[in-house]
Amino acid sequence: MFITGYAVMAGAAERLVLGYDSFGNICGRKNTPVKGAPLSGQDMTNKKYAFFLNSCSLEMQSLKISSVSLCVSSCPQEQLNSLEDLQSFARNNGSCLCVYSLNISSYTLNPKAAELCPTLPVPPSKSFPLFNRCVPQNPECYSKYASVLINMVNEMDVFHRILSGILAGRDTVIGLSFLALAFSVIMVLTFRFIRTLLVHTLIALVVFGLLFVSGVLWWLYYDYRNDPSTELETEKENVKFLLGYAIFSTVVTVVLLSLILVLRKRLQFTVQLFRIVGKAIGRIPFLLFQPLWTFLILIVFWVFWVAVLLSLGTAGTAQTTSGGQVEYRALSGISYMAWYHFVGLIWTSEFILACQQMTIAGAVVTCYFNRNKNSPPPHPVLSSISVLFCYHLGTAIKGSFLIAILRIPRIVLLYLYNILKQKESACAKCLFKCCFCCFWCQESCLRYFNQHAYTTTVINGTNFCTSAKDAVFIWANNSAKLASISCCGDFILFLGKVFVVCFTVFGGLMAFNYHRELQAWVVPLLLVGFFAYVMSHSFLSVFEVTADAMFLCFAIDMETNDGSAEKPYFVDQELLTFVSQSNKLTEGQKHRSMRPFQDNEDGTELQPMV
């Protein structure tokens with residue numbers, strides 16, 4: 001909270017993209033006065049462009065352009081040769097090109113007008129849409145202006161360049177997030193009313209999307225690498241990121257294609273599984289609406305997180321110099337606060353998703369352990385939410401924190417890998433890649449067992465550590481019987497998430513590729529991919545959590561009951577038949593007992609929470 005409050009108070013994210021003048025005013029907004037700067041605090045709502053008085057002979061010293069800059073409402077489209085021309089332009093267009101303290105009527109009368117007005121002749125200029133500057137169109141002036149601007153951008157640190165790219169592409173990021181929402185809703189409807197043809201269509205679209213996105217990434221990398229006009233540091237960073245994205249996308253494509261070939265024979269059972277899961281979801285009112293609330297909460301949090309990040313990047317103190325001008329001095333160590341803020345993004349996002357998973361699991365558990373299947377319990381979702389907030393928030397916090405902790409070493413390894421890549425140490429790079437893959441596998445396994453720990457917590461009401469131990473024990477005893485069913489379903493759901501990410505990232509590639517200049521758009525694209533995955537995971541986790549909760553309840557049901565009149569099963573006949581048929585396919589047996597689990601008299605017995 002301290003970082004948030006400080007960033008909002010000390011930062012001004014608009015300075016990254018919106019133009020600003022030399023007197024402490026940000027163009028395009030109403031400003032507050034700066035002490036010691038009499039020309040600050042002006043209303044620049046209608047003055048959106050920054051104009052340099054000496055645009056043809058700019059010089060840069062310590063990331064500061066030597067020329068005085070003003071906020072103007074429009075840039076001069078034609079060359080202005082005299083003070084009379086400046087005066088006429090101001091009266092006709094309402095755009096004053098001289099210092100604010102000089103009245104329009106005094107342009108030709110004040111003896112200091114030559115110092116307070118732009119150097120004559122004023123070249124024709126055009127507003128540059130990205131940074132809202134008036135860029136001179138005269139070839140000589142443009143060359144000098146572009147050279148200084150390129151040097152200024154290249155001397156900015158990576159953190160500020162990334163922030164500039166995020167703020168410049170904020171509208172595109174928001175639009176792509178809603179595109180990911182649309183794709184996620186399509187996937188939910190697909191799995192809710194799934195058929196065999198739909199599964200084959202989904203797999204075909206995922207394969208096409210993976211191959212297409214990988215091809216586009218390699219094409220963009222080749223195009224950027226062979227572009228002779230690549231001078232900006234942001235463009236060079238885009239090339240490096242594109243190569244990394246292309247390699248990662250290619251590896252993921254090869255791995256997923258291999259898994260699809262291996263699991264293709266179990267597609268029919270996967271379709272049957274989702275039909276059963278769909279029926280279970282249909283018996284729980286409003287369960288499919290749960291991701292919508294999660295989506296709204298995530299959107300609010302992400303907007304808030306990006307706003308604080310941008311404020312952190314512009315946090316600084318205003319200092320008045322000679323002539324009433326204002327300089328902003330960036331605070332040291334601010335980038336370290338940004339890393340802390342990034343960990344908060346991962347932890348809080350995972351916590352929100354964990355709350356959704358526990359809500360869904362609670363509703364499924366309540367309905368599963370209900371004897372009368374024709375009369376489901378009233379309001380299972382609301383009941384699950386109330387239990388979560390009253391008893392199990394600590395479990396969600398612990399589980400999400402463990403995932404965030406495991407991601408930190410991956411981030412450190414990526415940073416060290418980028419350093420070693422410059423030194424071209426092949427052995428070290430190979431070692432870091434292996435470590436990165438290990439941490440990724442550990443995170444995937446932890447996420448999987450976290451989900452079962454959440455379900456066990458809902459069933460037994462125990463704390464996170466006890467629930468995790470019990471969940472591992474239950475699945476260790478029954479993994480041979482249920483692992484293949486659960487893994488196939490999770491894999492098809494994962495393909496649905498890949499579908500959402502692929503086509504959202506493709507839309508981002510097309511959108512961001514039109515704004516190459518002065519924009520580190522590859523990092524905003526990475527954010528888009530992250531948002532798309534979290535969003536698709538939020539929606540499709542309804543099916544994933546429902547299936548895993550049903551199978552965990554089934555395993556506990558089989559261990560604590562024997563099907564007799566005294567201890568009847570809670571499971572319905574359709575799920576019992578499906579598990580039996582799936583086990584026959586897996587083990588290759590024609591006849592199998594309807595009690596597929598060995599007796600475990602010493603095992604942990606979990607009872608439904610009342």
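Every residue gets a Cβ built from N, Cα and C, even glycine.
For 587-610, the entry in TrEMBL reads region 'Disordered'.
Through the fold, the transmembrane segment (173-194) approaches residues 166, 202, 271, 274-275, 278, 281, 288, 291, 295, 299, 302, 493, 496-497, 499-501, 503-504, 507-508, 511, 524, 527-528, 531-532, 535-536, 538-540, 542-543 of its own chain, all at least 6 residues removed from its boundaries and within a Cβ separation under 8 Å. Under the heading transmembrane segment, TrEMBL lists 173-194 (among others).
TrEMBL lists 201-222 (among others) with the feature transmembrane segment.
Look at TrEMBL and you will find 242-263 (among others) tagged as transmembrane segment.
Tertiary proximity for the transmembrane segment (284-305) is limited to same-chain residues at least six positions away from its ends with a CB under 8 Å from its CB atoms, namely 177, 181, 184, 188, 192, 341, 344-345, 348-349, 352-353, 355-356, 359-360, 363-364, 367, 376, 379-381, 531, 534-535, 538-539, 541-542, 546. Taken from TrEMBL, the feature transmembrane segment applies to 284-305 (among others).
Same-chain residues lying 6 or more positions outside the transmembrane segment (491-512) and placing a CB less than 8 Å from one of its CB atoms are 169, 172, 175-176, 179-180, 183-184, 187, 190-191, 199, 202-203, 205-206, 209-210, 212-213, 216-217, 220, 252, 256, 259-260, 263, 270, 274, 519, 521-522, 524-525, 528-529, 532-533, 535-537, 540, 543-544. Annotation source TrEMBL lists transmembrane segment at 491-512 (among others).
Here TrEMBL flags 518-535 (among others) as transmembrane segment.
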For the transmembrane segment (201-222), distant same-chain residues with Cβ under 8 A (at least six beyond the ends): 190, 239, 242-243, 245-246, 249-250, 252-253, 256-257, 260, 492, 495-496, 498-499, 502-503, 505-506, 509, 513
